[in-house]
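Features of the protein shown, as given by TrEMBL:
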COMPBIAS  72-82  compositional bias 'Polar residues'
DOMAIN    37-479  domain 'Major facilitator superfamily (MFS) profile'
REGION    72-93  region 'Disordered'
TRANSMEM  36-56  transmembrane segment
TRANSMEM  106-126  transmembrane segment
TRANSMEM  133-153  transmembrane segment
TRANSMEM  194-216  transmembrane segment
TRANSMEM  222-245  transmembrane segment
TRANSMEM  329-349  transmembrane segment
TRANSMEM  361-381  transmembrane segment
TRANSMEM  387-409  transmembrane segment
TRANSMEM  421-441  transmembrane segment
TRANSMEM  453-474  transmembrane segment
Amino acid sequence: MPYGSDTERDEQETPLLHRGHEDKVQRAPACCSSRYTLALLSSYGFFVVYSLRVNLSVAMVDMLNSTHQSSINHSGSVCPASTNPPRPRPNHKASVYDWDSETQGWILGAFFYGYILTQIPGGYLAGRLGPKWLLGFGILGTVVFTLFTPVAADLGASYLIAVRAIEGVGEGVTFPAMYTMWASWAPPLERSRLLTISYIGAQLGTVIALPVSGLICFYLDWTYVFYIFGVVGLVWFVLWAFLVFDSPNTHPRISEQERLYITNSLKNELSTSTRCIPWRAIVTSIPLWAIVVAHFSYNWTFYTLLTLLPTYMNNILGFSIQQNGMLSALPYMGCAVFAFLSGQVADYLRETRHYPTVTVRKAFTIVGMVGPAVFLVAVGYTGCNYILAVAFLTVSSTLGGVSASGFNINHLDIAPSYAGILLGITNTFATIPGMVGPVIARDLTAQNTIEQWQVVFYIAAAINLFGALFYSLFGQGTVQPWAVQASCSHGD
């Protein structure tokens, strides 16, 4: 360890603003502030990102030729089907397609193959070109290709696969760019609050897109899923373009009090030179690899549930996501609420000076990963009690929201100047579970028995526990020496 204990390092590296010098720079009010406007607009942006990511999984049900599909794999659910009164469906005129299960898998997974490509480049370019327009055009590109989805589907499955991969490329820059943005905008003692507000939009996008996409498919047709959410994304881009700026110093309408508050609180944390990136120090940083392992482990469970929860509910519990959209969205709703609350609690614990940052990050990571593991295993033993199963899934996902104030924003604690690059590195590894986790889970559940699903839940829980343990041992909460150096050494 380069110097002192974690508590001592917190004391050494905490800016003067938070060490009894509030008389020099008064904390700027949160209400109507530029930093909280950024938090709300970025939350809206991530709502768009995740709604565009998950709407295809719902629309896919109506995109398939139901007669062809039922003749291929109509086996019913393990548990008795949920008794919902049938509703007369409107006469839809949208095209349907005879895609086999392998083709469907390629279409649903294509997004991640594009997404993984732009994680590290996104963090690098955000530091060079500025995060505002990189993030803005990344999401805009995804929106535009979403609007072209019905045309691509008509042209053929390969065209749709290409469109989804390009959407992934656009979305791949969003998280690294947003972390770069927050490195200049988030005062250290408001970091958890601001980032959890920002990223709660991702959960809300899932919560709202799942049931709303089902309703759109029912009352209109599947093409309108992409048109409606695409228009929502266009509205976001207009607001982002006019109201958001790269840093407090470039914002024309920020108050002088808020600008000084933000810049002075960050002056001891940002590198004096970001033109030369210390790549060797970054890739050999043990605290960074602790985040990598935790992020990979958490996403294994998250992506497995995101892609396979509709399958589990339909094939095991006996009800479809389009009939029970809100019930299917409950786990993500709980996650969103706890992510927001955890941000408030985490910053309160740090601000009282009773707990150093590293202690808060590790505690929230343990709760946000061990808790979900326990309840995920419990789901496999609920049998056909779908109320208890959904309750356990909801508790599991809800507790996972606590990790939003744990490892998930630790990049900004250890290297705010390079947070976008660090996020790009960790999110590259954390995207792998989205590509391989559901594939492994499908192979393990070939006969769709409850016992096979228990194995899937055990694997996800074990990976979660390992990630929590690794992060607890090696995670840190303070700015690393290499992150504030004036220049890079030769070879970096």
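One is the number of the first residue shown, and numbering goes on along the chain from there.
Positions of Cβ are set from backbone N, Cα and C atoms, glycine also.
Pairs of Cβ atoms less than 8 Å apart link the transmembrane segment (387-409) most often to 194-216, out of 106-126, 133-153, 194-216, 421-441. Of the ranges 36-56, 194-216, 453-474, the one with the most Cβ pairs under 8 Å to the transmembrane segment (106-126) is 36-56.
The predicted model assigns the domain 'Major facilitator superfamily (MFS) profile' (37-479) a mean pLDDT of 86.
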